[in-house]
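Listed in TrEMBL for this protein:
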TRANSMEM  9-27  transmembrane segment
TRANSMEM  57-81  transmembrane segment
TRANSMEM  102-123  transmembrane segment
DOMAIN    110-270  domain 'Phosphatidic acid phosphatase type 2/haloperoxidase'
TRANSMEM  176-197  transmembrane segment
TRANSMEM  209-227  transmembrane segment
TRANSMEM  255-274  transmembrane segment
Amino acid sequence: MVELSISKIVCDFAVLVVCAIPLLIFHEFVTPYKRGFYCDDESIRYPYRGSTVSRQMLIVVGILIPCALIIATEVFRAVLWEKKCVHQFKAYRCRQYNVHRLIVRLYVFIGYFFLGICFNQLLCDIAKYTIGRQRPHFMEVCKPNIGYNNCANDHKYITDYVCTGENKYWIHESQLSFYSGHSAFSFFAAWYTTFYLQARLYKPLYSRLVVPVIQFALFFGAFYVAYTRISKPAYTSLYTADWSSLDYKHHWSDVLVGSIVGSATGIIVALYVAELFDKREIPVKEIDENVCQFGLMEKQIVEAEEGKIGVTDRPVTAIRQIRANDPRGPSMIGTGSATDRPGTSNNIEKTNGLIDNNYKSELYLDPVLVVPINY
């Protein structure tokens, strides 16, 4: 029985709030760095267009889909996979109340997901506000008093300018091009959710294609969001597209860096912060078919001449070696690697069927996920 601490839970929420406070400060009180521009820079003279994927839509979908997949996965495991293996899992209690393991798991995995969102967005905001790179539609939104309509010197770098545009919010946003927050967020969500599904759904889910298809769909959505930040064709009919209407929110390098940073954050949070593959909770497969058939491993202890050999729970690939045609009878004597191969048939004939100091190797337990055998 694991006792849940109220103080630790409160501390977890406090940490999330502390991580979110800088985000609020950036968006409400910080002014982006005012960077100059070249008068003849065509990369910042594109027209302003609305977003194909709005920030509100991205937040709702990017949070809703991963959370829905996490909830569905944990409910599926608890209801279908683990109903005969309850005795193999930890039980939780908070004061005098029992807490179902499903609640604890959702708290852990969704909590780490939101913590990763804070990390990812904080990295993005620091870059945006300290670099202050202009978006491709900067000139149309800002309408600087110098260099907007005419240039005295085409290649002059202008720093002393004033934006005359009417929409102050658009002017503020037009200086936050590097790097793409949409790309970073979408790739973070895709990587974290992909690793989560890979760790928690370690057995085929009805079909071996279900999980890979879901994972591909996550990355398809991430790439789509990234592409829309660069350009969007306005489809006028089923077979034609009007490429004169473009949604330029970022330069291509902004999207590339955002995708890389978001991917790196998702991988680090999933593997090293949440440690998803250390929390797989794979039960032991028991011999009794009415007890637990959801596990991948059979629980057994084998005694050999050299002593007792036990089984641990850490999933690694292992091979057992069995002495072939030993005069004392077949016995398992230890573990070896896949390079330990038995002798050929010619060797067996030369020794009259007795193989001295050679062993035949075979996979121990499940070939996909097995356990090491310790002396």
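Cβ coordinates are placed from backbone N, Cα and C, and glycine is handled just like the others.
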Query - Folded-back contacts onto the transmembrane segment (102-123), same chain, C-beta under 8 angstroms, at least six residues removed - result: 4, 9, 12, 15-16, 19-20, 22-23, 63, 66-67, 70-71, 74-75, 78, 92, 181, 184-185, 188-189, 192, 196, 261-262, 265-266, 269-270, 273-274, 276, 279
Query raised in the report: Do the transmembrane segment (57-81) and the transmembrane segment (209-227) come close, with at least three CB pairs under 8 A (pairs 6 or more apart in sequence)?
Result: yes
**Report entry** Per-residue pLDDT averaged over the domain 'Phosphatidic acid phosphatase type 2/haloperoxidase' (110-270), given as an integer
**Finding:** 87
